[in-house]
Each structure stands twice: as structure tokens, then as C-alpha cells.
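Chemist: Pasting a structure here, questions to come.
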């Protein structure tokens, strides 16, 4: 696989850019292909996406090229699939050993949005992927080790349960998959709904961070409030707090929860990136940084929906 990674890293990138109507990367017009959709997990979640209304337009499997699966044409390569379907997004269900190669194949084909669900990709492989991603500007990676992205009632790319989502006004970004679903459920129950929900994943080396999502949500007219779910490890939340201080919209309230307050230093808590190291990455530091940026930081995930509703009500938006 690493030889394949090296090969893709030498691919040049043209100035052509696929057009998209999406404000936060996906909408009803997003055309999606799948890598690894003929496997058990890929088949299940692709079927769910089709039933949700996502425009799935094809799949990639070199060994099954020329056949169909779930009514979708299967192609030998991502490049071939893009040319035939005009896809502007791909979802990756490839096992860990081949996932980095799958990401880089999509980068080489200049797919605008790459969503990698796969968990357990070797960090060495992701370091290489991240380095290559920085050298181009045609593709965006969400993940890996994430639930994906969904614009309720329009497009679902990933493994999240579609039925708990409701079209609405809250943008949600999270490092945790299950806590994402909790925030979705609560904002649905309070009648706020969601504009777009992005699971950025819990690995140390991911493609899309909090700031990327905050920037999109801040500039998205449909998004009127933001929920941000972080966890211990790294400095992504502190960086997001600094961004909010400079560029945040005071008319778009932000609620946050940080998981892992009781975690001991040096012990990984679930995600590969959820570890306090060298005195950095503590929940306390993250909560203080976000609070100083005007974010309402809640003590438990059970308070996310209520806090968001109260802030929206105070702003005359609920």
C-alpha cells in the first residue's frame, strides 16, 4: 500500500474545480460514489443512503468492474467513476490496510469531498495522507474514523442514523460519533433541527477540523446556532476558540461540550487522539478557552439541547 501512496503523491493537480451548490459541503445535488460499497458494511450503509434520498451514482471495486451493486454501476477506479458519473463526493468503507490508498486515489481523481469512515488506519499512513492533502486544493477529507456528514432530508454520507435528524437551523460539529447523535436527538426534540451535521472523527490526523466547520457554519444562512462537541487531547478546541474570538458571529450562539473531564493524563480514552500528553489537551483548558470566546460550555451532554434552545430563545430565534 505504501508504494501506492508514494505513487499517488507524485500526481499533479489541475486548476479545474467541480462546481457545487452546497454551503456546507453537501446538499440535495451532491453526487456520491462509494469505495468499498460491495462489502458487508458498505452495502448496508449504501442501501441506507439510497433510501434516505442521497444521490448515490456508483461504486468502485476493480475486481467487480462492469457489474452493478444495489442498482449502481461498479467501476474499476475512482477516476473512471468520476468521469462516468460526474461525482463530487466519495464515501470510503475500505478496511484499514487499504484505506489510505483509497483516500489518495480519490485525491488523485480530484474528488471535491472525500468522507472516510474507516477506523484503525495506521497513523503513519495518515501522516502521509495529511502531507499530500496539504499540497493540493481540489479535495477535502472528512475523517477518518468518523460517522460522516449529513444535511437532513437532503444528503446522508456515512453511518449516522438518518431518522433522528430533522431539517432545521443548528450546525453540529463533533469529534465523537455517539455524542453527535445525542446532540442531534436533543436539538430535534427541542424543535430546532439541524442545518448540517459533521462528524470530523477522533483520530490525531484528520482532514477537516473545527475551524473548517465553524467557518462554513458562520457563513451559512441556514445555520443560526452551532453545537461543537470536543474531547480531551490535542489543541483543536483551543484553536477553535481563538478563531471564534476573531471571526465568530455574535448573532450565532455556540454551545459546546468537552468529553473526558475525568481522564487521567497519559491514558488514551477511546479515540486515538483522546489523550492528555505533556500537560496539554486537558478538558479544563479547553473549557476555559471556549468560555473566554463567548461559548456556552455545558457540564454534561444531557444539557446540550436545553442550552442551545435557551440561547436561541434569548436571541429571538426559537
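Heads up, the Cβ atoms here are built off N, Cα and C, so glycines get one too.
These came from Swiss-Prot, pasted as-is:
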TRANSIT   1-18  transit peptide
BINDING   38, 39, 40, 41, 64, 117, 118, 119  CoA binding site
BINDING   181  substrate binding site
ACT_SITE  271  active site, tele-phosphohistidine intermediate
Chemist: How many Å lie between the Cα of residue 117 (CoA binding site) and the Cα of the residue listed as 'substrate binding site'?
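Modeler: Cα of residue 117 (CoA binding site) to Cα of the residue listed as 'substrate binding site' measures 16 Å after rounding.
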Chemist: Using a 10 Å radius around each Cβ and all protein chains in view, which of these binding-site residues has the most neighbours: 38, 41, 118?
Modeler: 118
Chemist: Output the one of 40, 64 that, of all these binding-site residues, has the highest number of other Cβ atoms within 10 Å of its Cβ.
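Modeler: Counting Cβ neighbours within 10 Å, the top one is 64.
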Chemist: Let me know the largest Cα to Cα distance in Å among the CoA-binding residues 38, 39, 40, 41, 64, 117, 118, 119, as an integer.
Modeler: 24
Chemist: Output, ordered by sequence, the same-chain residues six or more apart from residue 39 (CoA binding site) with a CB under 8 Å from its CB, or 'none'.
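Modeler: Once residues fewer than 6 apart are set aside, residue 39 (CoA binding site) is near 93.
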Chemist: If you draw a 10 Å sphere around the Cβ of residue 119 (CoA binding site), how many other Cβ atoms fall inside it, taking every protein chain shown into account?
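Modeler: That number is 18.
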Chemist: With every protein chain in view, how many other Cβ atoms are within 10 Å of the Cβ of residue 117 (CoA binding site)?
Modeler: 26
Chemist: Tell me, how many other CB atoms lie within 10 A of the CB of residue 181 (substrate binding site), whichever protein chain they belong to?
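Modeler: 19, counting other Cβ atoms within 10 Å of residue 181 (substrate binding site).
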